[in-house]
Structures are given as structure tokens and as C-alpha cells.
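Novice: So TrEMBL has the following annotated:
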type	residues	note
DOMAIN	21-291	domain 'NADP-dependent oxidoreductase'
ACT_SITE	TYR55	active site, proton donor
SITE	LYS85	site 'Lowers pKa of active site Tyr'
BINDING	HIS118	substrate binding site
Amino acid sequence: MAGPTTTPYVTLNSGHNMPVLGLGTFALCQPPDLVSVFVQAIKLGYRHFDTSPVYGSERPLGFAIAEAIRRGLIQSRDEVFITSKLWCTDADPELVLPALQNSLSNLGLEYLDLYLVHWPLRVNSGEYKVMYGKEDLLPIDMRGVWKAMEECHSLGLVRSIGVSNLSTKKLSDLLSYSTIPPAVNQVEMSVTWSQPKLRELCKKHGIYITAWGPLGTYGEIWGSNLIMENPTLEYIASIRGKAVAQVALRWLYEQKVTMIVKSFNKERMKENLQIFDWKLTKEEAKLIAKIPQQRRYQGNEFVSPSGPYKTVDELWDGEI
């Protein structure tokens, strides 16, 4: 029986190593036994897991890590890289540390490997959910929140800190006053939304992009088939004897970014790991570069006439 797949890693600007491919843990329709899914993922070779309090997956993931150690699949917690996020309800300087402590409690861990500010806004609600009333959307004190994130790092509760869903302009603003620069900016990125401007800024400042939705969140109600049913990717997959998902993920890997891919199906989880022992040809890369570009997720839920972002254009600072 084949052993687990070994995933390459990158070294973040914090000095810590992060596996380039992680398993996403959010789904509106979650399987009944997430613990078993995550244990299976560890058995297959996943060593990076991406969660958030709003996903409802922190506790099952924590149980899975403990179970994997009990079974000898891993020897210690240090063998897995755990990312969680500061949800919008807690995006206030006074709430950052309690929110992190709550996530650590849910996970049963003493520290996180990476803690991200989930979105650049605050929500006036105590509930962890995906949709809020437009009247609840508030501006974020990013300077104060980031200082609190830096304090969490100083306390040793998190090894690296970063952001998510920040445009080039918003990331530039953060870099102008941060003492500890973000290690990661987790954003939508794929063959259909390649983020060249943001990638250039991140490369300049030693920040890794982590791509979410690299397969278009295919199968979810908000997802798209633009990637999984893309004729160019289907053509390359057919001549290379690969799956479309593998071609899309391999392209990201060759752009020197990291990625979070979500599947709870054993065979697809295994398939998504098998992208590191082959390369795209120059001709194939040129074909992929011609794929039309479109931001799939607009973020309309965070746009309001009375909120901090009046239009989608304001949320992304024109990067749409």
C-alpha cells in the first residue's frame, strides 16, 4: 500500500515553513463525520488545514489531529500546519486576542501556525454566519486590528500572521504601518483570475499568496464551472493523462503561490495531491495564459450604501 504523498513547503517571511497545498474545510453541506474526513486527509498526506470559526470546522479538525496522533499517523501536533482566521464579528482591536483564544480552545491547540484577518471590514453582530444585514456592515480599524495581531504573535499564540481578501491598495496601506509584515495574503486566484498586479506586490515584499477557490469552488451553490469545464484545461488534461483539477493546480504551483483546495471525497483528495512530480510544457502554459480572466466572487454581501464599501469596485479598489 502506498504511503502518504509528501507535499513541498515554502518558507514564510516569519521563518516558518508552510506546505504549499492545504485542505479547505468550509462547505455549506458538510458531511456528517468531518473528523473521519480530516483523519483520512492526514493519512493521504495533507499537512496543512485551513479553517475559521465561521466554517464550523475548528472542533472537528482539533479532534482529527488528536486522533491522528493517537493512531500514529503523525507523531505530534508540530507535523501539521493549521491556519484559522479572525472573522468579521471579531475584527476589533479589543476582540482579536479573545477570538484567537476561542479558536485555540475549539482546536485544542496551544498555538496556530497562521492567523489571518478574514475580510477588511467589521460586522456588528455576535453571530458566526456568512450572511448579515447590510446595516451591520462597518468599517474596520485595520491599524488597530493589525497591532493586536502583532501582539498575538509576540505572545507566541501564533507563529505567523497574515490577511485575506486584500486588494493591492489595501495591502500596500497595511505595509505602510505594520511592524510585522503579513506572511500571507489569501485571495481568490486561479487560471481564470491570475492576480498579476497583486502577485507583483507580494513578491516585492516577500509575502506569499495563498489561492482560495483554485478550482472555482465547483459544486457549491456560489461556485462556477469555468475552471473544471474549461476547454483549454480539458484539452491539456486529455493529452497529459491528468485530471482537469490537476492541471489547474499545477499551473498555480508553477506561479510560485500556495493554495487551499477543498474536497471531502477520498479519491479527489488523493488526486489533488498528485501535482508535484510533473510539469506543464511551455506550450501548455501559453495556452493557459490565454484563458479569459474574470473575478468569480464579487463580494456583494459586503457591499452596502450605508457600509464602508458602497460598490464592488470600492471593495476591490478597481481590481475586478
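Heads up, the Cβ atoms here are built off N, Cα and C, so glycines get one too.
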Novice: Are there any residues in the same chain, six or more apart in sequence, whose C-beta is under 8 angstroms from the C-beta of TYR55 (active site, proton donor), and if so which?
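Specialist: Spatial neighbours, sequence-distant, of TYR55 (active site, proton donor): THR25, PHE26.
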Novice: Find, for the listed recorded positions LYS85, HIS118, the residue with the lowest Cβ contact count at a 10 Å cut-off, counting only other Cβ atoms.
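Specialist: Comparing Cβ neighbour counts within 10 Å for the recorded positions LYS85, HIS118 gives HIS118.
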Novice: Sorry to bug you, but what's the C-alpha spacing from LYS85 (site 'Lowers pKa of active site Tyr') to HIS118 (substrate binding site), rounded to the closest Å?
Specialist: 6
Novice: Limited to the domain 'NADP-dependent oxidoreductase' (21-291), I'd like the whole-number average of pLDDT.
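Specialist: In the predicted model, the domain 'NADP-dependent oxidoreductase' (21-291) has a mean pLDDT of 95.
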